[in-house]
Structures are given as structure tokens and as C-alpha cells.
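Chemist: As annotated in TrEMBL:
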COMPBIAS  58-70  compositional bias 'Polar residues'
COMPBIAS  140-150  compositional bias 'Gly residues'
COMPBIAS  317-326  compositional bias 'Pro residues'
REGION    1-23  region 'Disordered'
REGION    58-84  region 'Disordered'
REGION    118-164  region 'Disordered'
REGION    303-317  region 'RNA gate'
REGION    305-332  region 'Disordered'
Amino acid sequence: MSSFSLPPIHDNPDGGWGPSTSNFPDQFKFKDIPYAPYSKSDKLGRFADWNDLSSDNRQNVAGLPATQNVRGGGPGGRRGDRNQAFGSGTASAFAYFHVEDESSFSLVDNKAAPARRGTGFSRGRGGVRGTANYSNVRGSGRGGRGGAAFRGGANQRNAPNQRRGWRDWEKNNRARESSVVISPQWNMLEEVEFHRLAKLRLEIDEPEELDSYGRLFAYDKSYDRVTTKTEKPLQLVDRIKYNTTTSDDPVIQQLASSGIAKVYTTDAILSVLMCAPRSVYPWDIVIVREGDSLFLDKRDGGPFDTVTVNENAADPPQDPTPPNPNNPTEKAAIPETASINSATSLSLEATYINQNFGFQSVIETAPPPPVDFANPNPFYGPEETEPLASCGYRYRLFDLGITEDEDIKICVRTEVDAYIPGQGNPREGQGLVTIRALNEFDPRAQGAGGAPDWRSKLDSQRGAVVATEMKNNSCKLAKWTVQSVLAGAELMKIGYISRANPRDNTRHVILSTASMRPTDFAAQLNVSLANGWGIVRTVTDMCMKMPEGKYVLVKDPNKPVIRLYAVPMSTFTGDDEEVAEVASEEE
């Protein structure tokens, strides 16, 4: 029967590490090898660091041949020209030195990678995406065949804040600011992601017409015949058009006193809520609950008073970053010469264009005559002397009840801008038109979103222009379409307006005008009204569960999320601003 005997154990009576020299046996093979002490400045490694990602993608185990290294082993692996030294920085008898000449190593397949269209910097024909030189590495974020290992590299996969996507390297990663300052006193109640909102559905019946106010002028059909060769200058028309919030509307106040609905709002506010999953820029809606009634309001000077530009573009326009006051040598992120193409400047320019194009494209002085609705403009006081713009307000009642027993109705103030002569009686909702405008600033500027030159493509390749605008301004076009559907307009006129000079944002020309039916255009944009009504019903139920008070629905500036906050009743009022000013002075 076999026997087992323990090997001799050489204990160190001196209390140190390893065998003591005082009791070394004569046959101990490491007896005459000198000991190399460690220095505090030496970096001690591991015997085998499986997580270390060195620049040459190799990790060697001390004492193993180079062909058996952790990442360089195997017949197809790379053979390293140096091993990782574990232990002392001085010479050691246990260090392994690889003496094989790496110059004999060569690739079998050394053919150049096939050329692929498009480079990381331009859409020209002269570049090859994925080449090994550094100038194209930045643009090969997804990695071309034969590229510089930007795709699938472990150091890229595990790197923090790694961005992916087409031309992501040249995008400004600066975070946007919220549309409203979130106070520490605000209490967050709910948080809903956009992907949850996109799954909601609610089919509703045709609305009920409550009342109508205002005066409409006829649309000038000559603008439908404008082309790039017969362009018309955009004029400055001095007219008044009101954009009053819900709570300040005297008609809504009268309707709310009779309890005709539970929710009151305007088409501009409701369209933002119905198209929320498409939005990128931040926005906020002030919600006031009084008894069983909800009022959806906008803030003065908030995002509802301006028009966005290329919000959904892959690289939207950016505002210049103000220089750091603590660093006087720091410059703004965008040069001053490009300030007219910043996000804020373009938004103000687009708002100016939309207003004046609507004022200019109607007939005021010649027949056909204007059409007066049942009531005059409710916001035009007797002391006003400036002429009113063509605008009609239709107050409509939508039923959001899922069952017949539910009494959840929403009263919406909708707007129409003109009427088409000969299409029926506008007072009965026939031939009504909404007028909007898309603007071109500079196709070569940052934030243009790859838009083609309108003057050369609008007449011959209108489909390409429309497709680009549907991609870059998906949210804006969806909101306009929803507003037209809510108002019951039969047609929507969209003008294509460009700068007379790309470097001058004060002079514009009208290049063309498109006419479309809102329901058909909604299908082209893939806008689901049922999904929009489902979002409205969900937000309504969410707020109805809360006690009476004031709330703010805020879209996160950098994430596809909306949040509901409970705020004091004095928020966004004159008293709240005075308190904020006093607090800032005390600080």
C-alpha cells in the first residue's frame, strides 16, 4: 500500500517572510541566490492581472513563455516583445526576458480595406471611412472594415461617457438647461418616461363647438404660385395677435364658472403635451387645480412664445457658452460671427417669420370681404387702436371619457388664421386655414441638419426638402398639424422662407408655399392622435389624484422624461418674483 509523507517545512524562527538563512538545508537550491529587496517607489503588480488592459492588449504571466501569455497566446495571438515585470525594479533571477525577435512577425493578409462612401468629416467622395490614419479615426466611431479598432475595442466599450452614433464625435455634448429653475422647495410627485407615453392610446369622438370669436380674412391664393424664380420679399406687417394663457382668457373663465368641462387649455399647450415623445428641447406647463377643474397654463416668456428650429436634427443649433469669468482668456464655444445662427437667435427669427408670413398672406383691402365670427375678439379692448390680425378663436369641447359614465371633458381654445373663398361658410367651419412657415438660415452653418439649398432644390426636388424638414423639425411640424386638427381646419399652408443673404437675419424672401390637409399630413409624419389623447388623459388622471394647488409639468432638458412637481401657489406670480429678488439681494 502506498504511503504519503509530508515534505519538509522550513520555518523562519526570525519572524520574517520566507525561509531563514540560519536554517537553510544544504540541498536547498535557492541558497546562494541573493535577495533583491523591494523599494517603496516600485509598483508591485500581480502574478496574473486578468483585468489589466495595457496599450498593447497583452498581459503576461511571469515565468510563462510568450506564446502562452494571457492575451497574446495561441497560434493566432500577438507575441509580445516585453513582459510585465512583477516584483522589484532591480535585476532578479526570477524575471523572464523574451528574446524572440518580433521582426519576423508579419500579417498574412495585407490587402487594403475596400473604400466605403463617406468620411468622418464630410460627405465628399474623396475619403475612406475606417482608414488607419488619425484624421479619420475620429469619424469612424462605429468602425469600418480595416478601421482603427474603434468598434469592439475593450477600452472603448468600458470607457465612461462613450458616445455612439453617426458623426457623434462632432456634436456638442454640452448639457441643456431646464426651461424653468427647479426650486429646492418643489416636491417631485411623478416621473414618466417617454417610452411609456408612446404606448398610450385613446380614441375620442368628434368635438362639440361651444362658441367662436374673432375676424378672419381671406387667404391670398397668389402665394400658392410663388416659386424660387418669382420669390416675394417678406414684409413687416404691423398687426396685433394675442397669445393669452388659459387662466387669463375671459371666455374660459366664463365657461369654467358654468362647469362645462373639467380641463381647460389652449391648442398650443395641448399640442405640446400630445407631441411630448417627439420633443427634445425642455418645456414646462403650469397646472392649477381648483376644485374639480384643471387649468393648463403657460408662463410669460416661456418656450410657448417662440418657435424652435431644427429641434430634432442630429446636431441641433447651439447657443454660445459664455466665457468663464474666472478665466479671462477663455473664449465662447461659438464665435461671435455665428451668433445669428445660435439656437436663441434662430428661434426669435423663426417666430418673427411665422407671424409676418401669416399677416402678409391674407387679403385685407380687397374682396372677398372678411368674415366675422359670432363674437368679436375677446382680448381686444375698447382702448386698443392698432389693427387686429386675421385670427379666429374656436372653443371646442372634447370628451375624454373611456366609458359612458365618465364625465371627463376638456375645453380647448383653438385658432385659425384665414379662410379659403368659395369653400363654404367659414362660420360653420368650412374652408378654414392655418398658416405656418419654415425658415432656411444657412445650409453650411452648424445645426443646419444637412438641409439642401432651397433655391436650387425646392422646385425640382421638393420631396427631398420636405423629407429633410420632417426629420429636422419633426416635433414642430407635429405640433402644427395637431393644432390644425384640433381647430378643425381643412387646410394647412406652410411657407418656405429663406434669408435674402445667409449672413443677414433681417431680410427674408418667400420661395414657395405648400398646401396640405392636416389629417393626411399627420399620417405622413406618423402622428397618432389617439396616442396624444392617451397622454392627455394620463396626465389628467395623474393631476386629478392630487389635492388642490399648483403643479408644474417639466420636460427634462437632457432626458426623455417628464416630471410633475408640486409648487407653492405664489410661484410664477409677481409676489414670487419679488421674493426671489429679495433673496438674491440678501445673498
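Using the three backbone atoms N, Cα and C, a Cβ is placed for every residue, glycine included.
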Chemist: DSSP-wise, what's the residue breakdown of the region 'RNA gate' (303-317) into helix, strand and coil?
Modeler: 3 helix, 0 strand, 12 coil
Chemist: Could you tell me what the rest of the chain brings near the region 'RNA gate' (303-317), counting residues at least six beyond its ends with Cβ under 8 Å?
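Modeler: Here the qualifying positions are 165-167, 170-172, 179, 243, 268-269, 272, 278-284, 341-343, 346-351, 354, 439, 441, 445-450, 471-476.
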Chemist: Express the predicted model's confidence over the region 'RNA gate' (303-317) as a mean pLDDT, rounded to an integer.
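Modeler: Averaged over the region 'RNA gate' (303-317), the predicted model reaches a pLDDT of 92.
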